[in-house]
Amino acid sequence: MPSEIIISGISGRFPESDSVAEFSQNLYNKVDLLTENDKRWEPGLYGLPRKMGTIKNVDKFDNQFFGVHNKQAHMLDPQARILLESTYEAIVDAGYDPDELRGKNIGVYIGNCSSESDEFFCRDAKKINGYGMTGCCRAMFANRISYTFDFKGPSLVMDTACSSGALALYQAVNAIQNGDIEAAIVGGANLCLRPGTALQFYRLNMLSDDGICKSFDAAGNGYGRSEAIVSVLLQKSDVARRKYASIVHIKTNTDGFKDQGVTYPSAVMQKQLIKEVYEECKLDPLKVSFVEAHGTGTPVGDPIEMSAISEIFCAGRKEPLLVGSVKSNMGHSEPTSGLCSLVKIIISMENELIPPNLHFYKPNPVIPALTNGQVRIVSNPTPWVGGYAALSCFGFGGVNVHAVLKSHDANVKLQEISNLPVPQLALYSGRTEENVQFLFDYLQKKMPPREFFALLHKSAYAASVARPYRGYKLLMKDQEVADIKRVVSDNRQVWYIFSGMGTQWPGMAQQLMNLEIFANSIRKSAEILKPYGLDLINLITNGVKDETKSRSIIPAFVSIAAVQVALVDILNHIGITPDGIVGHSVGELGCAYADGTFTAEQMILAAYWRGKAVEEAKLEHGAMAALGITWSQAQKCCPKDVFPSCHNAEDSVTISGPKDSVKVFVDKLKAENVFAREVDSCGYAFHSQYIFPAAQKLQDALEKVIPNPKPRSSRWVSSSYPEPEWNKADAKLAGATYFVHNLVSPVLFHEALHHVPKDAIVIEIAPHHLLQAILKRVIGADAEYIGLMKRNVDNTAHLLTSLGKLYVSGLNPDIEKLYSKVQFPVPKCTPMISSLIQWDHSESWCVAKWDKNSNKSQMITEINLGSEESADKYILGHCIDGRCLFPATGYLLLAWKALAELKGKEVNTLPITFEEVKIHRATVMSKTASTKFIINITNTGGEFEISEGGMVVCTGRVYSPENIDNTDFESYLKTSDLKNLPLNKNDIYKELKLRGYDYGPTFQGVAGSDIEGNKGLLKWTDEWVVFLDTMLQFTILGSPKRALCLPTRIQKLTVDPIYHKSFMENLSIEYQGKFNIVFIILTCFSFLPKMQQFCTMAFHLNIH
């Protein structure tokens, strides 16, 4: 039997809904998701309906996660950005890490009609950088997904108008059924960014005037446009970990020719399609309990669709057929509409409740099935009875799609985590700390079932470069244990530290026996010790509190060993392995087991015979003490019968010797204010000559336990032999001789710890993390220290917390192996994951923004006079009354440049006319900070507005005249004599300075003038601002008043730069100027060194 095709993961963005969960909540709460806002354009623009369904925050995208650099991210169509995020979410929702699917034969099928960003990004030729092609080409909507996730199957975008997403689903299902691919991403994307597209639909009479979609209602008069982006993962049932629904059958046809026109729906073809679907899959239409209709709310479409529905589904039906359309809630998302309907069906199935239609008050009277009771529109939340649901989707070009889905009806009870034998540990990684905390807050509030975690943990182990924040949370009713950290590195070494005596305590493993892997290990160890008359389980769950007083060391040794074996078994089971191993004293037995040189049985028996040999040696009472001195100091100051036995740290030494001698020495050190404290060693002086009598007994026993010793690996750093002796035969083998030496020789723990990397993850494995302080002092603060158990606490919680710490340190413990196995696919109603995934949306990216002034160009110019490299430093020469003011002619140039940019031309090739220019206020320029001017100009009327500091500083009209008559100017030049001008440059600027115009050298362009200021010579310096300003200076000279005046209005000014250039090329040195002519012609193209070129001008310039 062929595998079913399963919808295993879903995600999406919907109007006013950032996730499927939020969308679901809005549907059930009857929220009208069509709103009036200016997110895309001003409401009512072009007379368009004021309501529309819009997605929130389309400018947000986590580009770094997807490896998209900033330039490309800005030019990436927002549809493509969101598709990437929603695709990732859908995969994780299915219980897969996207890395699991890399390189697989997975297809990507996207339904989409247009990129409304492409035109917007191409408006400014100067800003086109090529990334718009790779960002807005619609093929890239699918191809970029395939590229990002390394999917090797077909990758295509299809456009059949409103049925695009549904057709993508059809193509994907068929490809899987045919064996062409193993799985598929099906997506749909629609953003309403360009008002012109909406206007097209409006002019075709498809949209309702109020922007509301009143599906099947008598008032239905068109649909409201809406945005949506949806991603769905399709898989075969044998690999699916989640099953939202199975696709029983899906088929498509096309209307073909219709007398009424290409956009008119065909009742005949819709009925034929639906009929064929159920015939081919051999399903009785009466078994369909709910139909999610296309239901656009148009006067033509609704009656035609319902006639097909009633004919196929209602014949012989005893109860009314339930019908709905999500378009009534969210509007028509056009190419994505079929997938939005699919999401609604899944919401209905998962919650066992069908969301209601909105805006259904009075049945459409031309739809008989509504008036005769055959069909009931779901207008209130209605129970989903299970079984099959149908979906119809029709493109306005005639492409029809119909699908039938079956719900996941497996009646399996979800596992409540409150009933688990051990608390549920949750591991999760995210882009930001807030992302992880968001999920943890959900967990604490909802306490989801075990199955949820089985899915969640499949994607918990992403590399830190992608999801740098990791957190763990232990879900317990009476307390909250959680932590979130940024992972320092994924490549930190893991070192095991096996502690020895002193870590045992009564009842040490009692709680951990609830952990199956731990309990199984202990039970195996217990069986090993049974022949020796030891009840291990009783020892480690209850303990004999007076064991130490009787000098019985065997219970301590075997208990420590059994717990260490069980802890290593847990670590092995969840995939944690060490890069290095160090043991302290008897802890080196644990090294042998972790290194693979001992079996569990060998370790347990070695611990037993170690104790047995010591007990049977009948040793004199000895003692041990911890001292706060160095090893060399201990060697020098110890009494003759007391010996340094353990070198723990630089200033931490353990000594061994006769009981009385050790006591006397300890008292002496205390009197000298030196730290000294006796430690409980059960009355034995381990690691000294006093233990030698037990050596042979132990040697003989261990040779039987370890008949064929294995060589120690390089991971195991010996603390029994000094490093120069590591290559000796006895030191290389984990055999009897090694462990006898371990018993009788000093512990060189401090020396061994120097081999641990400073940033290692150090795991102390023992019934109690005794050595934490020593480890931190020797290895340093950069390492991570984790003890798996702790005395007198809930060690189930402590161990799980410790494993969580391993995770946030960068390791990947497969925590699911500690819990009962979850069967896939998980039961219905397992909470959705996609809605809990959040991103790093700290950056905003370009989004096409169209409004009623979409024919309006805006240019922003920043002028920084403080920069030595600024091309605008010449403006510093425009000094009026002691202040540097932005020249009035500077505003003219800004408007000129803006018009040139709008027309795609250069300033020197665009003749220009200014009319009714008003200068509203002067702009004082900063000599250190930049000044920003915002120039808005319309392409049609040429009105311009210049703002600075939030205030309008200049307005007027600017346009490029079609023809300029230069004959008057040329005739004037022939009659003017400018050779004997009475005022030279010095005279002119001395006079201007007296009037308050303290022009600097860059604005001293008047070379000569007559007394009246009617004619003169101007110097051209390749700066239009300066050249035009010098013309204004003539007006000042001609004024009999010596008051300081600033221009506030220019009635008209025309500049012909093309004629100017031609004229200048024919001049040698001088150029004449004449005022009071109707036009101005400015010429000159360059300023030549050593040869000043002067220009004559004639213009009509009215200044008030």
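Note: Cβ is positioned from N, Cα and C throughout, glycine not excepted.
Feature annotation from TrEMBL assigns domain 'Ketosynthase family 3 (KS3)' to 2-407.
For the region 'N-terminal hotdog fold' (841-965), the DSSP-based tally of helix, strand and coil residues reads 24 helix, 48 strand, 53 coil. The annotation region 'N-terminal hotdog fold' is assigned in TrEMBL to 841-965.
Annotation comment: TrEMBL describes 841-1104 as domain 'PKS/mFAS DH'.
The Cβ neighbour count for His878 (active site, proton acceptor), using a 10 Å radius over every protein chain in view, is 24. Under the heading active site, proton acceptor, TrEMBL lists His878.
According to TrEMBL, the region 'C-terminal hotdog fold' annotation covers 980-1104.
The active site, proton donor annotation in TrEMBL covers Asp1029. Asp1029 (active site, proton donor) has a Cβ environment of 23 other Cβ atoms inside 10 Å.
Summarised as a single figure, the pLDDT of the domain 'Ketosynthase family 3 (KS3)' (2-407) averages 95.
You'll find the Cα of Asp1029 (active site, proton donor) roughly 9 Å from the Cα of His878 (active site, proton acceptor).
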